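Quick look at what Swiss-Prot lists:
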type: CROSSLNK; residues: Lys887; note: SUMO1 cross-link
type: DISULFID; residues: Cys99-Cys350; note: disulfide bond
type: TOPO_DOM; residues: 32-563; note: topological domain 'Extracellular'
type: TOPO_DOM; residues: 658-820; note: topological domain 'Extracellular'
type: TRANSMEM; residues: 564-584; note: transmembrane segment
type: TRANSMEM; residues: 637-657; note: transmembrane segment
type: TRANSMEM; residues: 821-841; note: transmembrane segment
Amino acid sequence: MTAPWRRLRSLVWEYWAGLLVCAFWIPDSRGMPHVIRIGGIFEYADGPNAQVMNAEEHAFRFSANIINRNRTLLPNTTLTYDIQRIHFHDSFEATKKACDQLALGVVAIFGPSQGSCTNAVQSICNALEVPHIQLRWKHHPLDNKDTFYVNLYPDYASLSHAILDLVQYLKWRSATVVYDDSTGLIRLQELIMAPSRYNIRLKIRQLPVDSDDSRPLLKEMKRGREFRIIFDCSHTMAAQILKQAMAMGMMTEYYHFIFTTLDLYALDLEPYRYSGVNLTGFRILNVDNPHVSAIVEKWSMERLQAAPRAESGLLDGVMMTDAALLYDAVHIVSVCYQRAPQMTVNSLQCHRHKAWRFGGRFMNFIKEAQWEGLTGRIVFNKTSGLRTDFDLDIISLKEDGLEKVGVWSPADGLNITEVAKGRGPNVTDSLTNRSLIVTTVLEEPFVMFRKSDRTLYGNDRFEGYCIDLLKELAHILGFSYEIRLVEDGKYGAQDDKGQWNGMVKELIDHKADLAVAPLTITHVREKAIDFSKPFMTLGVSILYRKPNGTNPSVFSFLNPLSPDIWMYVLLAYLGVSCVLFVIARFSPYEWYDAHPCNPGSEVVENNFTLLNSFWFGMGSLMQQGSELMPKALSTRIIGGIWWFFTLIIISSYTANLAAFLTVERMESPIDSADDLAKQTKIEYGAVKDGATMTFFKKSKISTFEKMWAFMSSKPSALVKNNEEGIQRALTADYALLMESTTIEYVTQRNCNLTQIGGLIDSKGYGIGTPMGSPYRDKITIAILQLQEEDKLHIMKEKWWRGSGCPEEENKEASALGIQKIGGIFIVLAAGLVLSVLVAVGEFVYKLRKTAEREQRSFCSTVADEIRFSLTCQRRVKHKPQPPMMVKTDAVINMHTFNDRRLPGKDSMACSTSLAPVFP
C-alpha cells in the first residue's frame, strides 16, 4: 500500500472516529463527569537510576496529555492519572498501591509488568470488578476465571507460531533456541514441539542466570558450529548479546540470529550493518501509518528533551513497544468510557470487597472494542481478553539498516514481500567488494604451481582449471580472493569419531569462505557444508597400465573366423555333399556307360558315390579340384553354388588372416570392476580419505562391498594422493580407482596408462561453502551462466587437451561373424533348393521317355527307379533296353554323341556298329 493511500485512510479513519465519539457524547454530555481518573503502577530498580522515569510511565503521561489536548475524544472531560511506583517483584507493595488507587475512584489500572506483581493487582481488580490493563507477556492458565483484564501484548502462542513459520520459510534443518528464563520455554512451546512434526533438529540452551556475560555460551555455540540461533530475551539482553557476539567474531554472514523481542528495531545496530550477519526480528509498531509516524515523532522529541538515560545499546528517543502498547491502552479505555457515559465511579475499598456496579459493563465495552492504534489492529478475544489478531512486521538488517521484509498474521500466516524474495538477507551485495579466503588442494590439472623463471607470490603462484574458474566467478560477482592450500592436503573425510579433515574441516571452522577444487559432492559432505551446483560431471573409473602384446597360440589360425562361422561352414560342407550324392543318384543324366568304347554295355555307372561327393566338396573347399565333374544340370548347379560359396569363404578367411598375423593382439587381464573384484593378483585401491574411497566404503552393492573389503584389508591399497597412485600403476601391478576426469587428463599425457571399462557411478564437482553461507546461491547462478556461455567446456579443452599420445586406432582384428558373411549361406541354401527342383524335373522327364520306350506304365517305372536310387550302396545299374538295333555307322555316331562320352574317349576306334532292326 502506497504512502498517499495510507495517509488518506488515516484521515478518513480519524474523521469517522471523531463522528463516532461525538455520536456517543452529544446526547449524554451532561451526564459525563468532568474528570476521569486512571491509575498506573510502574516498577523501578534500586540504584542510581531508581528515580528516573521509565518509558512506560512517560508513555502513560504522554498518552493522557494527547487525549486532553484532543478535545474530540473527551470534549468536556479531563483525563487525570495517578502514578504509583513499586520495587521489582514486590507484590505486597503492588497490592497496597492498587488499593490506594481504587480508593481514588480509578476506572482502570494499568500495570505493573512483572509476573508476581501483575498477579497480585489482577486478583484485586477481579474481586472489585475493575478493568486491569496488562502490557507484558503473561502466562494465563487454561481454566482462566479472571475476566476483568485485557492484555495488549500479542498472544505468546501466536508469536511462537510466527517464529516457526519463519524458520520453515528459511528452510532451516537445525537451529538452537536460547532462552532467558523458564518462561521462555512456555512462550516457545509451538517451536519447541516442531521436531515431532517437522524435519528440524532443535538444541535448547539457557542464558547465564544473574549474569550479563554470555561469552562462555557464545563460545560453546561457536565451537559446536551452531550458526542458526533463536534468542528469546529482553531487548537489553539482546544488545549485550550482539556486542559480545561481535567480540567473539560471530557477527559474520554465516550466522543467522532471530530475536523474539519486539524491540529489536529500537537497538543501535549501526556497528553491525556491514558485518554481513543475518539478523531477523519482529516489530508490531505500525510505522507505515502516517498518523503513527506523527505520534512517534512527537514522542521522540519529548524523550530527547528529557534527562539522558544510562541504558546503552538503544537509539535515542525511540518509542519502545511497551510505550506504544501503553499509549494504545490509554486510548482504548478513554474511547470505551466515552461510549458508556452513564457510568459513575465510586471510591472502592479493598477490605469491603464491594465491587464496582458498572465494572462488568465497562469490561465488556473494552473487550468488544476495535482500535487501529500505534501497534496496528487491536482486537481482543471476548473470553480470554488476549490479543490474538494482530500484524507482525518481519524486519531484517541490511547494509542500509533495518528493513521490513515481510508480514505475519494469525489469519494469513507469513507473507514475504517480493523485494525480500529478490534480495534475501545480505545476499545481493554480499560478494561485491568482499575479500574471500579460498582453500584448495594441488591436483593436476585443476590446481598446479605455475612454472616461471621468476619468483611468484600470492595468487600468481597457481594455475589450472579451478584457478580459471575462480577468476571467472570473481569477475562476474565482483569479489577478490586469496588462495590458500589446505594444510593436510586432503579433500575432506569423516573419521569414526565424526571429525572432519581437509578442506571440509576448514569450511566448517570458517577458516575459508570457499573451497574451489575437484571436490566431489556427496550426501555425507552435504550434511557438514553447502555445495554449489556442479561445474563438472564425472564418475569413478579404473586407471591401469596398457597391456603388453600377447604371443599367438598354436591354433591362432582359427581366429579369422568366429566359432559360429566354422561350425556353419562344416554343416554347409556336410549338407552340400549329401545333397549332391542324393541328386546325383536321382538324376538320370549322372548315369553313363562305364566304357565309352562299348556302347552296347547293359550297365551304367554313377561316379558320385557318398565318399566321392564328400571328396568333391572338400576339393572345391580347398580350391584344388577332385577330377569329378558333374554332368547333369542339377548337379552342376550344386557345384557352381558350392564353388561360389568357397570362393567367398576362402577370400574372407585369407583377408582376415592377414590382419591377425600383422596386428599384435593387446589383451588386458581386467575389463571392468567385476574383474577386479573376482581376482586378487592385481592390487587396487583409491586415494585415502577421498570421495572415491568413501563411495566404496558406504556402498551397499555386493561387488563394491567386496572391493572395499579388499582395500581395507591391505593398508598398501590406499594411496596418499593421485600422484602416488599413478606412479604405482606405472611401476607395479596396481589399478587405481579415481575420477574419470583425472584419468582422462593422465592418459592424455602418459601413453602407458589407459582407462579400463566405463564409469562405475555418476557424480559432480562443486564449490564448497560453509553451512548456511549466503554465497552459495550467487555462485551457483554464476556457474550456470558460465555453462550457458560454454566457457566451462572451453576451459576444460584448454587444460585437458594433451600433445603426447596420438589418437589410438583400433588395432585389434575381430573374427568374422555371421553378421558379416551370413548372406553367402543364404545363397548356398537357395542354390541347393534350385538344384533339387531341377533334379526332380530331370528325373520325371527321363522316366517318362523310358516308360514310353519300354512300353511300361509311368508309375511302375518311377517306383523301380526310386527303389534303385534308394539303394545307396550300388553305383551301377542296367541300362534301359532300346528296340532291336542294327549296326550302322550313322547310328553309332548318333549314339556316341547322345551318351556324352568322357573327354578323350571320342577318338577311340570302334570296330563294330549297330543298326536298328525294325520288326
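Placed from the backbone N, Cα and C atoms, the Cβ positions cover glycine too.
Across the topological domain 'Extracellular' (658-820), the model assigns an average pLDDT of 84. The list of residues near the transmembrane segment (821-841) in space but at least 6 beyond its ends in sequence, with Cβ under 8 angstroms from a Cβ of it, reads 565, 568, 572, 575-576, 579, 583, 586-587, 632-635, 637-638, 640-642, 644-645, 648-649, 652. Its Cβ placed at the centre, Cys350 (disulfide bond) has 16 other Cβ atoms within 10 Å. Taking the Cβ of Cys99 (disulfide bond) as centre and 10 Å as the limit, one finds 16 other Cβ atoms among all the protein chains shown. Secondary structure from DSSP puts Cys350 (disulfide bond) in coil.
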